[in-house]
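Q: Dumping what TrEMBL says about this protein:
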- 148-191: domain 'LysM' (DOMAIN)
- 196-320: domain 'L,D-TPase catalytic' (DOMAIN)
- HIS280: active site, proton donor/acceptor (ACT_SITE)
- CYS296: active site, nucleophile (ACT_SITE)
Amino acid sequence: MKNLIYVVFILNLVCFFIYQECMNMMTYAYGEDNVPFTQQPYLLAENNTEEDNFINEKDIIVNIDEFDKELYEKDSRKEIVNKKKKGSHSIDLAFEYIKKGKKYEARNMLSDLYFTETDYDERKKIKAELDKLNAELVFSPLPSPDAIFHNVSQGDSLIKIASKYNTTYKSIMRINNKSRTIVKIGERLKVLNGRLSLLVDKKDFTLTVLLNGHYIKQYPIGIGMYDKTPEGVFVVNNKVKNPVWYSPEGVFPFGDPKNVLGTRWIGFEEKEGLYGYGIHGTTEPESIGKAMSNGCIRLRNEDVEELYDFVKKNTNVVIQK
């Protein structure tokens with residue numbers, strides 16, 4: 001009889017613990033107010049102290065169990081707004097530099113902004129200001145941190161001066177508004193100081209001239225049909241005035257109606273099986289802004305003639321989408 005009573009007592013005790021456990025689970029599932037539990041991102045706490053009932057701030061562990069889309073979108077919108085504010089602040093600062101006469105610093109800042117800005121209208125606004133600044137800083141005889149001045153001495157010539165500063169004599173003529181190659185002793189000539197490079201953007205149909213990485217000039221271009229213009233880094237290998245076109249259909253001298261190269265050719269070094277690519281003029285100015293060439297980059301003749309005068313052999317050309 002005692003054994004029976006003991007067994008009944010044990011069974012009752014087990015049932016009691018099972019009931020308590022179920023109630024705890026229900027409380028977790030529905031909460032104290034019987035509101036169904038919905039799993040949300042929450043904080044876990046790991047107590048690393050000797051005090052059992054004390055949780056230090058450093059012991060809180062963030063554990064995101066479910067992606068909070070609404071919060072993410074809110075943060076993303078905030079980040080975009082902050083970026084626009086930052087960009088707007090930088091543009092304002094650049095214009096402040098202009099007012100203070102710090103045109104070189106303003107140009108460099110606007111150049112960086114131009115290549116990071118994604119809004120079309122803002123880019124257009126920045127480009128217009130860049131062109132105005134570079135007309136003075138680069139393409140005029142006025143002093144600029146972009147250039148140095150050479151005082152012509154006995155025995156100097158434009159070709160010797162250009163060779164000394166690793167540039168082209170034609171660029172010196174354009175910058176200093178010289179129509180003839182004659183130089184006079186004591187004449188002060190502005191010469192660009194730095195490395196020119198070219199950036200071709202197939203998506204925007206533009207070729208940008210960079211001086212020490214900064215925007216100084218941009219031209220509209222035409223590119224290859226069916227994505228024939230390759231991407232990558234190329235190097236200028238040769239330059240030709242009034243080029244002959246060696247096409248798959250035959251050889252067409254300059255001036256021939258079938259010669260599509262225009263007035264200038266700036267050829268690239270062969271690279272990984274890519275040969276015959278370069279920059280040239282066009283007999284079809286309506287093709288600028290379109291993908292109509294056999295793979296080369298084409299400019300209007302007046303644009304390619306100006307570019308030709310500044311670009312020298314070994315100039316780097318980056319082509320990107």
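Each Cβ is built from the backbone N, Cα and C atoms, and glycine gets one as well.
Because the structure is a prediction, the values reported are computed rather than measured.
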Q: If you count Cβ atoms within 10 Å of the Cβ of HIS280 (active site, proton donor/acceptor), leaving out that atom itself, what do you get?
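A: There are 23 of them.
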Q: The residue listed as 'active site, nucleophile' has how many other Cβ neighbours within 10 Å of its own Cβ?
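A: Within a 10 Å radius of the Cβ of the residue listed as 'active site, nucleophile' lie 23 other Cβ atoms.
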Q: Do you know offhand how many angstrom separate CYS296 (active site, nucleophile) and HIS280 (active site, proton donor/acceptor) by C-alpha?
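A: Pair distance, Cα basis, whole Å: 8 Å.
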Q: Express the predicted model's confidence over the domain 'LysM' (148-191) as a mean pLDDT, rounded to an integer.
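A: The answer is 98, the mean pLDDT of the model over that range.
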Q: Based on DSSP, tally up the residues of the domain 'LysM' (148-191) by helix, strand and coil.
A: 14 helix, 8 strand, 22 coil
Q: Based on DSSP, tally up the residues of the domain 'L,D-TPase catalytic' (196-320) by helix, strand and coil.
A: 16 helix, 58 strand, 51 coil
